[in-house]
Amino acid sequence: MQISVIGTGYVGLVSGACFAEFGVNVLCMDTDAKRIARLEKGDVPFYEPGITELVAKGISQSRLSFTTDLTRAVDHGQVIFIAVGTPPKKDGSADLSYVEEVGRGIARTMTSYKVIVTKSTVPVGTGELLKKVISANQPKKVLFDVASNPEFLREGSAIEDFMRPNRVVIGSESEQAASIMKDLYRPLYLLETPFVVTDVPTAEMIKYASNAFLATKISFINEIATLCERVGADVQMVSKGMGLDHRIGSKFLHAGPGFGGSCFPKDLAALVQMGDRAGYPMQIAQAAATVNSQQRDRMIDKISAVLGTIKGSTIAMLGLSFKPNTNDLREAPALAIAQALMQSGAGLRGYDPAALEEAAQILPGMIACKDPYDAATGADALVLMTEWNEFRNLDFAKLKTIMRKPVLVDLRNVYESSRVTSLGFHHVSVGRAPQDPVVRAKNG
Ligand code: UDX
């Protein structure tokens, strides 16, 4: 089978490279000529474990190629995936102008039956809109179907998520399109991957509902964490005790500084917008977003409480990306927290294994450090912001000799308090009351 993928961003390129690995002949198209020139040489413009190898393999085996020519892409693929950006507008709703532009381009150049699939996260109703845009712009009528095949990739484990998904969701307006789409995913039959085949609006909604639900789970446990601090409970054990109930599940119950990334914040905002437009406010999604932004303020309060005063202190921040194994800084809690701390007069020394250079541009006041120990030198507190593996076994004896004060603010609950305190450190974490200074201050 031959397919085309329009848009070589994160979702587009990962999907294209993975379909090529499935044995499909994939042509990826992007209007950004520089990006395409880099990709043709196997140079991937973002960090994701395994993607460079997969792109190189696809190119060398002639199953993956690149172009800036939309006509060529439309001609090449029986299935055309649209994976262009849908950035948030000021009101939180998704900007569909790129999707519409691609729709018009496809309409003008299509000469045979195509299945046109949205892979980017798009509001419910986009499939219908695309159908209208394409129909209205065809110079002469050529049959086509629209479909929705939302992507559930997580950054940092995108290839594994694509190759071994929990499910494949296909929203389609015809039997023919559904069967072509199922064919494309045939390699997953061996893994007995469940397929959810439904209509287009339902598939579009599955994506939003899934992301909003996961985000809500995180905000829920973060609220419970704050309550734990106030009433003397341990959120880690609460999560464990809850998660063992199969109806709840243990994933996405890890308390921390709140969620970031390119999906959860944007998708929650878009769902809230969708509800408002439909005359039905999405109260739970709104609450999940509100709790998330308050969580950042709580983290700043925590740091401030342990330092006594922020002004004049030096803070070392380990991990700046929104989660480990990515250099993505979009909506990263680290950025908002670092900015607030610097505005309050703290000196900031930051380190991240992948996102340091970019972070230094966004946070010009930050001193970019070469490793965790460089960052910790002279610091009054070490803030563990993102749980990269290389921060899981820090040398506390060494840290104690180089820091001004032995304080660890562990915002991902990576360390056991007993261990860290036995090494002479003051340990502050999230939702574990006894060692929390905010609570101690409150309780006198
Ligand atoms: C998410 C969805 O998981 C994925 O299905 C969708 O396609 C895109 O959005 P991603 O944004 O890559 O993927 O990251 P994810 O691993 O889901 O984490 C999102 C955020 O939640 C991160 O900031 C992470 O630190 C935070 N998180 C996650 C928690 O704070 N606690 C948890 O228990 C889990």
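Cβ from N, Cα, C; glycine included.
Whatever TrEMBL says is automated annotation, not expert-curated.
Binding of NAD(+) is attributed by TrEMBL to ASP30, ARG35, THR86, THR121, GLU155, LYS266, and the same site annotation extends, among ARG230, ARG330, ARG349, to ARG330. Binding of substrate is attributed by TrEMBL to PHE152, LEU153, ARG154, GLU155, LYS207, PHE252, LEU253, HIS254, ALA255, GLY256, GLY260, and within the candidate set LYS57, LYS89, LYS323, LYS370 the record adds LYS323 to that site. Cα spacing between ARG35 (NAD(+) binding site) and ALA255 (substrate binding site): 37 Å, rounded to the nearest whole number. Neighbour density at the Cβ, taken as the number of other Cβ atoms within 10 Å, is lowest among the binding-site residues ARG35, ARG154 for ARG154. Only PHE152, CYS263, of the recorded positions PHE152, ALA255, CYS263, place a Cβ under 6 Å from an atom of ligand 1. DSSP places the residues of the domain 'UDP-glucose/GDP-mannose dehydrogenase C-terminal' (316-417) in helix, strand and coil in these numbers: 34 helix, 18 strand, 50 coil. Spatially close to ALA255 (substrate binding site) yet at least six residues away along the chain are ILE221, ASN222, ILE224, ALA225, VAL235, GLN236, SER239, ASN413, VAL430, GLY431, judged by Cβ distances under 8 angstroms.
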